[in-house]
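This report concerns only the one structure given below.
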């Protein structure tokens, strides 16, 4: 290769990233217009297209580089010089951290995810931790109650860029003050002030005002979800002011926010104070930088692995028929490998399973489906793998494993947040906790269905419980769109003997689902059956599911709330006359 080509290649990669992030910001900047026009289908399409931008631009850069090098192979020394030049371009670059991830992605695409070493890639960042360039304008604005909180909140709302009419601005301000007074007391509220992000956070059918409530006791989140009435008027649905509530809003089972962030590192740093339980990876994920979140997630894994003496073990729970799942006992994530052969009742291919996981990545997860990061050629030290797990890996996924002596390489796997399997949770709880879990499970099914997702396999073992007690679906191999399912009533039996026969007395076609059968799987436990019948009996009726299908086919997009119904102002406070 001619000398000097290394710098050209480095510049080409960085320019490619510039183009990608420019398009990312362009799609994001349309969120306000989509919200104001109540174009919810465009919201869903924009979410999908923004996810695809990254891989598309990586592909464009790879093609450029193949043209520049005339398709010639490059030696290790050449690649190291390219990385050196690229590193020198980053100190004054405003999005250095994601630019490093983009470099990694281009390298992996060129070299088929092989030879992934710290010398060749930005396994860890080349820049000082949490460094970002001086911010050209503040991320947030401070508001003080010099003339009381009513005046403060009126200024906050008046500063919003939204151009729609408000249904009742005074009512909403009254509700917010009432909530804050109940939480802090009048005297403490008078000594508090707000810092509000300049950009709104858009997701689904809501625009979120995100701020910090600075009180005498410390800083709290201040989140206001802004919705529209059927007449296109704005209203504030609730006010959330605890870290637990904020954590759920920014949770790993939700779609990414659309928030205009030309300096993502600065925004992540600003959010960190009100989301102390979130890792760097989770914060980048929440604002839509999912590929860099994958980089940060891998770094968090490496740091944990370096500081522990644990070995990988099979994850607790009922062993899956499609996936082999393992974890580190103290780590908050699980690793999922598609098995070489599935159980006989699972008539599907590995390609189908991967397509299902991609569907979840692109779809509105409504807080009920765990996000995943996909890895290829994932290297594990054998000393970190328990003998029992190693035996299981070789038994169930040998075709995906390459033995390198002291290491193995797993050709393909997913990393996902670790949860307590719902079936295990239900065995361990009773009373109100049991009731809450069954209520959450039914709500998860309803919300998935309203978002045009049918889980397929609805057994408790395919759901997990988060640290906030939310029930989340995580087994995607039988997932499909609601509109693809034929929900049927079981026909009346012809003779009494039909009910005792081993085979059904009626025909069953692919895609047929009989909701009445759910009762046999979900209500067998005498502790659970009565609760299910009380709260979710309609899930056993085919007409319930068909009615949902009709709403979806008519183009209706359901509201999705990242908080309990009882927290909504319309439920919590009686509307003013």
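Just so you know, glycine gets a Cβ as well, placed from its N, Cα and C.
Taken from Swiss-Prot as is:
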{"type": "ACT_SITE", "residues": "371", "note": "active site"}
{"type": "BINDING", "residues": "315, 316, 317, 318, 319, 320, 321, 336", "note": "ATP binding site"}
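Shown here: features listed in Swiss-Prot, placed on the structure.
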{"residue": "315", "record": "ATP binding site", "Cβ within 10 Å": "20"}
{"residue": "316", "record": "ATP binding site", "Cβ within 10 Å": "13"}
{"residue": "317", "record": "ATP binding site", "Cβ within 10 Å": "17"}
{"residue": "318", "record": "ATP binding site", "Cβ within 10 Å": "12"}
{"residue": "319", "record": "ATP binding site", "Cβ within 10 Å": "13"}
{"residue": "320", "record": "ATP binding site", "Cβ within 10 Å": "20"}
{"residue": "321", "record": "ATP binding site", "Cβ within 10 Å": "15"}
{"residue": "336", "record": "ATP binding site", "Cβ within 10 Å": "25"}
{"residue": "371", "record": "active site", "Cβ within 10 Å": "24"}
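If you take the Cα of residue 318 (ATP binding site) and the Cα of residue 371 (active site), they are about 21 angstrom apart, rounded to a whole number.
DSSP assigns residue 336 (ATP binding site) to a strand.
Here residue 371 (active site) is positioned 18 angstrom away from residue 315 (ATP binding site), judged by their C-alpha atoms. Here the Cα atom of residue 320 (ATP binding site) is found 19 Å from that of residue 371 (active site). Binding residues for ATP (315, 316, 317, 318, 319, 320, 321, 336) extend across at most 14 Å, taking the greatest CA-CA distance.
The two recorded residues, the residue listed as 'active site' and residue 319 (ATP binding site), have Cα atoms 21 Å apart.
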